[in-house]
Amino acid sequence: MLLPCALLAALLAAGHAANPCCSLPCQNRGVCMTTGFDRYECDCTRTGYYGENCTTPEFFTWLKLILKPTPNTVHYILTHFKGVWNIINNISFLRDTIMRYVLTSRSHLIDSPPTYNSDYSYKSWEAYSNLSYYTRSLPPVGHDCPTPMGVKGKKELPDSKLIVEKFLLRRKFIPDPQGTNVMFTFFAQHFTHQFFKTDHKKGPGFTKAYGHGVDLNHIYGETLERQLKLRLRKDGKLKYQMIDGEMYPPTVKDTQAEMIYPPHVPEHLQFSVGQEVFGLVPGLMMYATIWLREHNRVCDVLKQEHPEWDDEQLFQTTRLILIGETIKIVIEDYVQHLSGYHFKLKFDPELLFNQRFQYQNRIAAEFNTLYHWHPLLPDTFQIHNQEYTFQQFLYNNSIMLEHGLSHMVKSFSKQSAGRVAGGKNVPAAVQKVAKASIDQSRQMRYQSLNEYRKRFMLKPFKSFEELTGEKEMAAELEELYGDIDAMELYPGLLVEKPRPGAIFGETMVEIGAPFSLKGLMGNTICSPEYWKPSTFGGKVGFEIINTASLQKLICNNVKGCPFTAFHVLNPEPTEATINVSTSNTAMEDINPTLLLKEQSAEL
């Protein structure tokens, strides 16, 4: 009697094992909901589609699909016909109309309010209200699904170390054909680590950056306690020290604001700033120093305009101005460079005042993952007339004092960064960080690359060859994954065929741009109630934001106003390069991969 009962129980368990939503049947952003153990229902509400799996377009959806050009066609138009775009850029009405469309079409792809997180694959108050989570643009794959990608692919994913070594690890440095430089590389790291701050004690789905956007906590500290330690408490300024007549961050001893430094770093080189990991490399501390100087400079401007204001009002208003400067620089310099567009992007919050737009943001785990642009890093770092290896560069703030910011800016502006897409360009020094990106994606149960492409209105790849644009890697990937619909998001982004002459492939741009623009324009200062001169101390403060640029930031805060940009500048042929890789320094005994641990896993 026991045997038939056990058999029946096993059959029932087997019958209940596979969640019908594991096959991801609902298309076009339809929501899959189970109705019993073996049935599902697709909610097609407001998708523009109908039918059992939300696959039949409504009339206007069909018309839109017929008329809408592909993302690659749009990209081609925007990156060619320079003469036409020069005319459009000088006609305000046309430029504003196109910019408004760019902002709305991109940002409307982001769910706002947020919907899912790594623990909730369905809408819940917890997923909406708990700021300690990163949100998710697609729900995690169910624990009870037959394969890690739902029903597609093999039951076990290939070894992540093998994926890194076979497809991601650099053999020879591949420069970015778009001309991106190291100045851009460190700006990207510095800027994004105000909102990419994974709480590794809780898990990869959690964040310590509760502001979920551009709040400059990497300058001012994540908590009020840290902020107060960094503040001078006079004239709104941040604490600083003067070295050889120039302003630098204070030391940890001066602020008592803890930073992450190895024990060997001398006390006088333990600079203290808002983000505790920014002592990792001098490039990050360079930008931290520039923004420290900019904050204190703007405080002086406001103090002159408002001698009646106390320390708190000067500090808070300056912070809002620097948030505005940051967003302006990111859109008009940083995103402009990445896009490669001849169309001139514009930061103007008023473009959205008559649009359906929510002034809130929640950082997505997928956005954090795709931003792991380790291929940008060069093999060595060239500053003035010297060359530093990773070992010599890590936790070495003496480089900044030895060369000064002017030489660092000049040198980083001339040095080429690496191409991100196309595979095989992650430096060996950070291969463990790339492996961690894959492992954490698996822990959070990301859906496949193709599911993310569909989520962001892209056609899924039909083969590995279509993904990579070549045969060798494609064949090896097919052998390991078995099915293109089982290809993982992060490795897929890095091995994808780059667009012609570009740093990224199609997927990175079409997924990353919506997250980026929604996060920037969804900032509180861009809302109608905030975007007015009085918020920023009057016309003078408003003017600082509206005229901000990377070059102006450097000119106002770096001695000699060195010329800079986010693309490679022609080197001056008069300077010889000395390789210091054989010199005896305290940094030689450091293993860089040991230093790139949890606290810096996103750097």
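Positions of Cβ are set from backbone N, Cα and C atoms, glycine also.
In the three-state DSSP scheme, His193 (active site, proton acceptor) is classed as coil. Using a 10 Å radius centred on the Cβ of His193 (active site, proton acceptor) and all shown protein chains, the other Cβ atoms total 22. The active site, proton acceptor feature in Swiss-Prot is assigned to His193.
Marked as substrate binding site by Swiss-Prot on the basis of similarity to another entry: Arg106, Tyr341. In sequence order, Ala513, Pro514, Leu517, Lys518 are the residues of the chain that are 6 or more apart from Arg106 (substrate binding site) and have a CB within less than 8 Å of its CB.
When Cβ atoms from all protein chains are considered, those within 10 Å of His374 (heme b binding site) total 21, not counting its own. Look at Swiss-Prot and you will find His374 tagged as heme b binding site, backed by sequence analysis.
Under a cutoff of 8 A between CB atoms, and with a sequence separation of 6+ in the same chain, the neighbours of Cys21 (disulfide bond) are Cys32, Met33, Thr34, Tyr40, Gly142. Per Swiss-Prot, disulfide bond is recorded for Cys21-Cys32 (among others), and the stated evidence type is similarity to another entry.
According to Swiss-Prot, the feature disulfide bond maps to Cys22-Cys145 (among others). Long-range Cβ neighbours of Cys22 (disulfide bond) (same chain, at least 6 residues apart, Cβ-Cβ under 8 Å): Val141, Gly142, Asp144, Cys145, Pro146, Gly150, Val151. In the three-state DSSP scheme, Cys22 (disulfide bond) falls into the helix class.
The disulfide bond annotation in Swiss-Prot covers Cys26-Cys42 (among others).
Secondary structure at Cys44 (disulfide bond), as computed by DSSP, is coil. Using a 10 Å radius centred on the Cβ of Cys44 (disulfide bond) and all shown protein chains, the other Cβ atoms total 22. As annotated by Swiss-Prot, disulfide bond applies to Cys44-Cys54 (among others).
Cys561 (disulfide bond) falls outside any helix or strand according to DSSP and counts as coil. Residue environment of Cys561 (disulfide bond) contains 14 other Cβ atoms, counted within 10 Å of its Cβ in all protein chains. Marked as disulfide bond by Swiss-Prot on the basis of similarity to another entry: Cys555-Cys561 (among others).
Asn53 (N-linked glycosylation site) falls within neither a helix nor a strand when secondary structure is assigned with DSSP, and so counts as coil. For Asn53 (N-linked glycosylation site), the same-chain residues 6+ apart in sequence whose C-beta sits under 8 angstroms from its C-beta are Pro25, Cys26, Gln27, Gly30, Cys42. The N-linked glycosylation site feature in Swiss-Prot is assigned to Asn53 (among others); the stated evidence is sequence analysis.
Taken from Swiss-Prot, the feature N-linked glycosylation site applies to Asn90 (among others). Its Cβ taken as reference, Asn90 (N-linked glycosylation site) is surrounded by 10 other Cβ atoms within 10 Å in the chains shown.
Reduced to three states, the DSSP call for Asn130 (N-linked glycosylation site) is coil. Residues within less than 8 Å, Cβ to Cβ, of Asn130 (N-linked glycosylation site) and separated from it by at least 6 positions along the same chain comprise Asn117. As annotated by Swiss-Prot, N-linked glycosylation site applies to Asn130 (among others).
Separating the Cα atoms of His374 (heme b binding site) and His193 (active site, proton acceptor) is a whole-number distance of 14 Å. In this structure, the disulfide-bonded residues Cys26, Cys54, Cys145, Cys555 were compared by how many other Cβ atoms lie within 10 Å of their Cβ, and the smallest count belongs to Cys555. Shown in sequence order, Leu78, Thr79, Trp85 are the residues of the chain, 6+ apart in sequence, with a C-beta less than 8 angstroms from the C-beta of Tyr341 (substrate binding site).
Taken residue by residue with DSSP, Tyr341 (substrate binding site) is part of neither helix nor strand, so it is coil. If you draw a 10 Å sphere around the CB of Cys32 (disulfide bond), it holds 22 other CB atoms from the protein chains shown. DSSP assigns Cys32 (disulfide bond) to a strand segment in the three-state reduction. For Cys42 (disulfide bond), other Cβ atoms within 10 Å of its Cβ number 22.
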